[in-house]
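Remarks on the structure that follows.
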Amino acid sequence: MPGGVVGLIATADTGRIEAPVTLKAYMMCAFAAFGGIFFGYDSGYINGVIGMNYFVHLYTGLDPNDPRFNAKTGSDPGGFALPSWEKSLIVSILSAGTFFGALMAGDIADFTGRRTTIILGCIVFIIGVILQTASSTYGLLVAGRLVAGFGIGFVSAIIILYMSEIAPKKVRGAIVSGYQFCITIGLLLASCVDYGTQNYTTTASYRVPIGLQMLWAIILATGLFFLPESPRYFVKRGKIDRAADVLGRLRGQPRDSEFVQTELAEIVANHEYELQMIPQGSYFTSWANCFKGSLWVQKSNLRRTILGTSLQMMQQWTGINFIFYFGTTFFQQLGTISNPFLIGLITTLVNVCSTPISFYTIERFGRRTLLVWGALGMVICEFIVAIIGTADGGNPTTVKAEIAFICIYIFFFASTWGPGAWVVVGEIYPLPIRSRGVALSTASNWLWNCIISVITPYMVDKDEGNLGPKVFFVWGALCVCCFIYAYFLIPETKGLSLEQVDRMMEETTPRNSAKWVPHSTFAAEMGLTDKGTLAPEIVEDVERKGSVV
């Protein structure tokens, strides 16, 4: 075997299955989170653009100089605004493309690697942005957003997988939370750009916010050329020698150091164990493996797949993207706000400032705790907004109170469900189905993102459902479901390696998971020899099976 990796050192000490981590490794993980910026920016810029006078003029043919045309103040007596169906399609088509892109990303990541898939996603995204920037017709804009959606699907699905697989277990939650933080920065940047270009009387009013997205994709793709591939990807492909190389690079250790060999032994042994539990087969069999087992068995693949996909569904059910997609037009409809774009900027600023709190709390209190209490906080805020808005919505003082509680609601989301859902999804799947499981979960996020984007204008627009603040009764009721869901179904994965998460989900229930303590290693159980090395046949079996995956 090349490089001497057959001598992988097995250990029964659960505290020694991960090598010490250097500052360089933390910086690698942090840069990978940069992918969230153009995800957030693309989600955020459309919020302001669809409310801009010149954009509405261009896509409706209405004169922006007409005295009745006053989308900024929301008076809109002549109906000078995009029809509900056009707003719905422009916003939701991106999510539709992202849904299919995320599903495709799982396969591509298994065959070409996690890093390569992200770079490919950046390229596809740039093509979509070029089409949007060049558009002067409704059809080309929609087509460009669809193409860009495919690129975001690649990135959003695999960046979480990549970070989860390379991040140290002690700070994995904080590192993955950095991805959500970058999403909020992207949303803030989009709001700032929208605010600065809202009064332009040329196509620059919308082309500048759209075209700027290319910069974020170029930065991410360029940086990824200098980052290593995931060592777990190489183990899955049976390339143990290359896995040792990149793991040494990630941990700042020589590839033949005891630390690297011990950590790699645990990854290899866990993968061998999972291969025994989940026999590999054809392409369709590999997808079918995601749905094997009983729904009532905690460790089954079906249970984990449903957990991941439903968790991302619940994140969308919180209603947060109602604020970030349609907040500007919603504030316009309240009729008492002089500058809805400024309020939109404030809400995104609250989002940015609140997210870093999770860097500490998600490792200090755990994933499960944050999701339970975060859902409860959002329930209270949303019902308060709905009640006071319905009872006295025309009062400027009441509107200010609504905005205040919307900001508190955003605080609860940004510090809990925003990062927490992504962290858990990146941790709960075993290696043989991890790429496809994360892809399915991300696709679920975008599917529900798309559904909410489609139906929301019909719920709140004055010429449709005209719910106004009453829409928060809907989001509040759905957040009650999120609270119940988190309490009964979310396991605690804090402080565990990805391999230990596998064992925890086999041996305990979500409500008791926080008390679970690792008691053995896969390496010790699967291949501990007299000399303390992982049995060569284990390594050879993983290499043989990996060559045909």
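Every residue gets a Cβ built from N, Cα and C, even glycine.
Restricting the average to the domain 'Major facilitator superfamily (MFS) profile' (28-494) gives a pLDDT of 82. Among the features that TrEMBL reports, domain 'Major facilitator superfamily (MFS) profile' is placed at 28-494.
The transmembrane segment feature in TrEMBL is assigned to 89-109 (among others).
Annotation source TrEMBL lists transmembrane segment at 116-134 (among others).
Sequence annotations record features per position, and here TrEMBL assigns transmembrane segment to 140-162 (among others). If you look at the transmembrane segment (140-162), the same-chain residues 6 or more away from its ends with a CB under 8 A from one of its CBs are 32-33, 35-36, 38-39, 42, 59, 89-90, 93-106, 108-109, 114-115, 117-118, 120-134, 176, 179, 213, 217, 220, 230, 422, 425-426, 434-435, 438-439, 442-443, 445-446.
Within its own chain, the transmembrane segment (174-196) is flanked in space by residues 26, 29-30, 32-45, 47-49, 52, 159-160, 163-164, 167-168, 208-209, 212, 216, 324, 328, 341-342, 344-345, 348-349, 351-352, 354-356, 358-360, 362-363, 414, 418-420, 422-423, 426, which lie at least six positions past its ends and keep a Cβ under 8 Å from the stretch. The transmembrane segment annotation in TrEMBL covers 174-196 (among others).
Under 8 Å from some Cβ of the transmembrane segment (208-227) lie the Cβ atoms of residues 28, 31-32, 34-35, 37-38, 41-42, 45, 48-49, 115, 118-119, 122-123, 125-126, 129-130, 132-133, 148, 151, 155, 186, 190, 193-194, 197, 200, all in the same chain and six or more residues away from its ends. According to TrEMBL, the transmembrane segment annotation covers 208-227 (among others).
Marked as transmembrane segment by TrEMBL: 317-335 (among others).
Taken from TrEMBL, the feature transmembrane segment covers 341-362 (among others).
As annotated by TrEMBL, transmembrane segment applies to 369-391 (among others).
The feature transmembrane segment is assigned by TrEMBL to 403-425 (among others). For the transmembrane segment (403-425), the residues of the chain that approach it from at least six positions outside its boundaries are 160, 172-173, 176-177, 179-181, 183-184, 308, 311-312, 314-315, 318, 320, 323, 331, 343, 346-347, 350-352, 354-355, 357-358, 361-362, 367, 370-371, 373-375, 377-378, 381-382, 384-385, 388, 438, 441-442, 445, 482, 490, 493, judged by C-beta separation under 8 angstroms.
Only residues 6 or more beyond the boundaries of the transmembrane segment (437-460), in the same chain, are considered here, and those with a CB under 8 A from a CB of the stretch are 84-85, 87-89, 91-92, 95-96, 98-100, 102-107, 109, 149, 153, 156-158, 160-161, 164, 290, 301, 304-305, 308-313, 315-317, 319, 321-322, 325-326, 330, 333, 421, 425-426, 428-429, 466-468, 471, 474. According to TrEMBL, the transmembrane segment annotation covers 437-460 (among others).
What TrEMBL lists as transmembrane segment is 472-490 (among others). Taking Cβ pairs closer than 8 Å, the transmembrane segment (472-490) reaches residues 307, 310-311, 314, 317-319, 322, 367-368, 371-372, 375-376, 378-379, 382-383, 385-386, 389-390, 417, 424, 459, 510-511 in its own chain, all 6 or more past its ends.
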